Amino acid sequence: MKFPHSMLLDFVQTDLDANAIGDLLTMAGFELEGIEEVEGEPVLDIKVMSNRGDGLSVFGLSREVLAKDSKAKATDLYQRAAARFVDENRHDFELESNVATIEAEECNRFACRAFVGVLGHGESPAWMQKRLRQTGMRPISLLVDLTNYVMLELGQPLHAFDREKLHGGGIVVRYARPGDRLTTLNGEEHELNGQMMICDAERPVGVPGVMGGLETEVTASTKTVLLESANFRNTTVRKTRKQLGLATEASYRFERSVDPDGVVAAIHRFSELLAASAPDVKLSNIVDLYPRPPERRSIVLRSSRASRLLGMEITSEQAQSYLARLGFEVRPMAEPGTFEVTMPSWRPDILREEDLVEELGRVHGYERIPERLPEGTTTLGGPHGEYLAYDRLRETAVKAGFIQIVSHSLRDFHPLERSDKDRIGPRVVASPEHAILRDSLLPSLADAASETGGRNLHLVEMGQVFWREGSAYSERRRLALLSTGELLPSDRKGAESRHADFFSLKGSLQAILGGVNVHVSFVPKGDDPRFHPTLQAEIVAGSRSAGVIGQIHPDVAEALKLPAATFLAEIDVVDALKNGSEDIHVRSISRNPAVRRDMAVLVDKSVPYERVAAAIAKAAGDVLERQWLFDVFEGAGIPAGKHSLGIALQLRKAGENFTDEEANQVRDRAVAALAEFGATTR
């Protein structure tokens with residue numbers, strides 16, 4: 001919003017220069033972007049927030065100056081503008097009441113006045129042309145310049161039609177019909193499709209709130225003018241402007257809300273300025289259509305709450321004075337320090353008591369908030385608690401060779417969805433691809449793998465999932481993994497090519513969870529139709545079922561065009577972390593070498609390896625540094641229903657070396673512990 005300093009002085013009597021005015025407006029929330037000298041006078045460029053359309057006029061900014069500066073005085077022009085120029089209500093002839101009709105509900109108010117004897121090619125006064133140039137506008141003619149100047153002063157866009165070019169001589173605000181077209185003032189022709197339009201009896205003649213039509217513009221031959229001043233729904237103006245690819249000073253203001261009570265005042269001001277330049281012009285009465293005047297909203301304000309929220313004392317007298325200066329109606333209530341505040345028509349952004357508190361802070365001055373040290377406890381920056389654990393899980397997964405993806409939480413129906421949960425969808429479905437909220441992360445992993453060819457992929461995703469159980473809604477954070485193909489690049493020297501399988505994914509999941517001290521167990525299952533019936537397991541955290549792991553079902557793999565050897569895992573992160581430990585156990589690095597002992601045991605296939613490993617760990621004690629399964633054998637020499645497990649034990653003592661006898665004793669204890677499972681050594 002650009003305006004010359006002298007234009008503000010028409011509304012405000014103050015000794016503040018342009019720099020001081022800029023600083024004052026900045027502290028009021030209207031940031032000064034710059035001051036430049038144009039034609040020998042400072043011109044201020046003010047940034048106006050999108051919810052403060054009242055600041056897109058010199059009159060509106062003058063109100064802010066008067067509210068902030070107690071020494072400033074309102075001029076006669078300001079007082080007349082605040083009174084809506086009601087003293088300019090004279091007219092020379094009657095305009096028929098049916099000259100305008102509103103058929104579109106997005107038109108809040110429409111007013112018009114006719115002028116006879118206007119010289120369409122007349123020039124505006126030199127002082128007005130100068131001010132228009134200073135604000136970046138090009139002077140065109142008396143009528144056009146007057147509409148632009150009044151818009152700068154009051155923030156209300158106007159448009160002048162050559163009434164003799166209007167078929168029927170009147171205006172209808174309606175929606176465009178099939179086949180309607182309009183050539184706007186910039187010479188562009190637009191094909192219309194249901195947009196709200198300003199029309200005459202036969203055709204569209206203007207885009208409401210944006211730009212007029214070329215066929216009804218005022219020219220040098222214009223003798224009769226119909227002046228439009230209206231108020232339109234801001235969202236409709238924005239939508240139409242984008243559809244037609246137009247942008248004007250008028251649309252900029254309408255999109256940020258224009259005062260509906262200023263519609264007629266702008267016509268009065270236009271008439272006053274026109275009479276000063278063309279005193280012989282005859283003018284009609286004003287036809288004003290205002291079908292649904294909005295109710296003025298009232299909010300209760302407590303000065304004590306304002307003081308508490310702002311952190312500085314605001315007295316009841318100050319609160320009442322500040323709001324009155326801004327144009328609010330303030331009525332004291334029975335409770336001391338409490339007021340009923342009625343919003344002015346130009347402040348649709350005020351919705352709650354906190355908004356009024358912000359107004360008090362702006363006027364009183366945020367710079368007056370007393371400085372004091374922070375109270376209470378402080379925390380270090382960065383993620384904390386569970387969010388730190390979430391980050392560590394992601395980092396550990398990426399370090400383990402998984403590629404992180406982030407998918408949309410809305411999706412379509414999918415074979416990998418959980419069938420035991422009620423789905424949740426938006427009230428309005430924008431497209432079939434976004435019909436429901438996801439209840440599992442596995443579909444997005446599978447789709448990502450399928451879209452990229454599904455070969456040699458290892459993917460991870462962490463995100464929220466949603467479902468409904470009865471009338472209750474649930475939202476949980478999950479971690480999901482997908483692994484298929486080679487685990488190591490085939491060209492890696494010295495490395496044998498190894499492919500993903502159930503156990504590699506199980507190990508990866510254990511390592512990832514181990515990064516946050518979470519340990520889980522796996523219980524074989526076969527009832528999840530998404531997975532291979534003999535290669536799936538339930539993930540258990542403590543005593544709680546937390547997820548599932550397994551090979552994708554062959555039918556599902558075929559439907560999704562994924563390799564049959566695709567392995568998936570999904571775990572509830574919240575449940576898993578509940579079973580974790582924040583304790584970190586460390587020990588000094590031993591100078592003594594580790595020793596290895598291998599053991600081959602025959603055990604029933606029905607005994608999970610996890611139970612075998614737990615028994616070994618308990619029997620070996622603290623000297624067991626790690627153990628791993630290096631071989632599983634079935635076949636010749638192995639009884640039916642059993643298999644041979646090759647297990648390696650790595651042993652180390654902190655202060656001394658292991659002797660062979662000591663290492664063998666540890667191995668023997670481990671073997672003896674497996675007797676409870678009926679295990680024997682080979």
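From the backbone N, Cα and C atoms, a Cβ is placed for every residue, glycine too.
These numbers come from a predicted model, not from an experiment.
Feature annotations, reproduced from TrEMBL:
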DOMAIN    294-371  domain 'B5'
BINDING   D349, D355, E358, E359  Mg(2+) binding site
DOMAIN    590-682  domain 'FDX-ACB'
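Annotated features taken from TrEMBL, shown on the structure.
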residue : record              : contacts (Cβ under 8 Å, 6+ apart)
D349    : Mg(2+) binding site : N51, R52, S257, D355
E358    : Mg(2+) binding site : none
E359    : Mg(2+) binding site : Y322, L323, L326, F328, I350
For the domain 'FDX-ACB' (590-682), the number of residues DSSP places in helix, strand and coil: 33 helix, 32 strand, 28 coil
D349, D355, E358, E359 excluded, remaining Cβ within 8 Å of their centroid (Mg(2+)): R347, I350, E354, L356, V357
Local confidence of the prediction over the domain 'FDX-ACB' (590-682), expressed as mean pLDDT: 89
